[in-house]
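Q: Mind having a look at this structure? Questions to follow.
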Amino acid sequence: MVSNSAMACLYEKNVASRLHLVSVFCISLVVSGFAELQRFQHAIKDDGSLSFLVVGDWGRRGFYNQSAVALQMGRIGEQLDIDFVVSTGDNFYGDGLRDVNDPAFLESFKDIYTATSLQKQWYSVLGNHDYRGDTEAQLSPALRRIDSRWLCQRSFILNTGIAEFFFVDTTPFVNKYLVDKENNYDWRAVSPRGTYVANLLQDLKVALNKSTAKWKIVVGHHAIRSVGHHGDTPELISLLLPTLKAHNVDMYMNGHDHCLEHISSLDSPIQYLTSGAGSKAWRGDVKSYKNNRAMKFFYDGQGFMSVKLTGSDAKIAFYDVLGRLLHTWKMSKPLHSTM
């Protein structure tokens, strides 16, 4: 593992030239060569609809109301007949998983989300806390042998027909982790970081350009826009957001801020949706937002989000730790549109 100080020095010297590679390279983050991001398929219902839950920042062995949120997820999941669950990262606190035998996998996941409706596939990305442990453990097929619901990759694509989901590994974008002296990060598979980020962005551009799905949804751990404790992520605004706008992405879903929120872009179709309230929340600090017209909803407490998609409509809903409905939003598209 490369030390944080050595990586920081390398990054400072080369970040400009490496990020310039965005326009040059088309190399997969999984294997070298001209390969695409790994793709997974998930069938929609017979009526052409798709329903799922979104939760993030949850893995605390049931504490901080994680078990209470899980209970309500099970209830709402049954009502909506969900097809799967999306996890926006920080799956295991405080420092990810130690290895594939870490009991945290059972105590924070398998033994918590026990409702019948939650026995569906979970599609997960890594968060910054996950990078403090053995990241390869969370990606390992060994965990899927323990619980077949679990599927976590750094970045990947989920195709459902009416919607394509583009899961993006956002932690390597964020500069401050590279110079963090208090925590150790597992950068093994993302070094050199500048090249890794450039390749990932190029792969995402290629995938979005090819997509013909009715709905394009990007999932990452860090917020692009947020009024929560962490706020906006400048690196994602400068590096990731232009690609999302250029390819008419409909939603960007994230965690990281331990809250629930909905911000609408004023210059694109993008809805910024934060669902990072799967356990510890109630930070108590809310940043002012420069344009009140964009801010649709904010809740500084525990909960989760649901999404239902059809060929013409998308409906999102946020729920608190007691399962009470807090906010809904509906988007519509012409039936024959692919934009």
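From the backbone N, Cα and C atoms, a Cβ is placed for every residue, glycine too.
Not my notes, these are from TrEMBL:
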DOMAIN    51-259  domain 'Calcineurin-like phosphoesterase'
BINDING   D57, D90, Y93, H258  Fe cation 1 binding site
BINDING   D90, N128, H221, H256  Fe cation 2 binding site
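Quick one: how deep are these features, and who are their neighbours?
A: Averaged across the domain 'Calcineurin-like phosphoesterase' (51-259), pLDDT in this predicted model comes to 98.
Of all Cβ atoms in the protein chains displayed, 30 besides its own lie within 10 Å of the Cβ of D90 (Fe cation 1 binding site).
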Q: Which ones are near H256 (Fe cation 2 binding site): of the binding-site residues D57, D90, Y93, which have a Cα within 10 Å?
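A: Final answer, ordered: D57, D90.
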Q: Apart from D90, N128, H221, H256, which residues in this chain have a Cβ no more than 8 Å from the mean position of the Cβ atoms of those residues at the Fe cation 2 site?
A: G56, D57, T88, G89, L126, G127, H129, D130, T170, T171, H222, G255, G276
Q: I need the least crowded one of these binding-site residues (H221, H256, H258), counting other C-beta atoms within 10 angstroms of each C-beta.
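A: Result for the binding-site residues H221, H256, H258: minimum number of other Cβ atoms within 10 Å at H258.
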Q: I'd like the number of other C-beta atoms within 10 A of the C-beta of Y93 (Fe cation 1 binding site), please.
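A: A count of 23.
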Q: Between D90 (Fe cation 1 binding site) and N128 (Fe cation 2 binding site), how far is it from one CA atom to the other, in Å?
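A: About 6 Å separates the two Cα atoms.
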Q: Relative to the mean position of the Cβ atoms of D57, D90, Y93, H258, the recorded Fe cation 1 site, which additional same-chain residues have Cβ within 8 Å?
A: G56, W58, G59, R60, G127, H129, G255, H256, G276, G278, S279, K280
Q: Given a separation of at least six residues and a C-beta threshold under 8 Å, show me what packs close to N128 (Fe cation 2 binding site) in the same chain.
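A: Same-chain residues close to N128 (Fe cation 2 binding site) (Cβ under 8 Å, separated by 6 or more) are G89, D90, T171, V174, Y177, Y185, H221, H222, H256.
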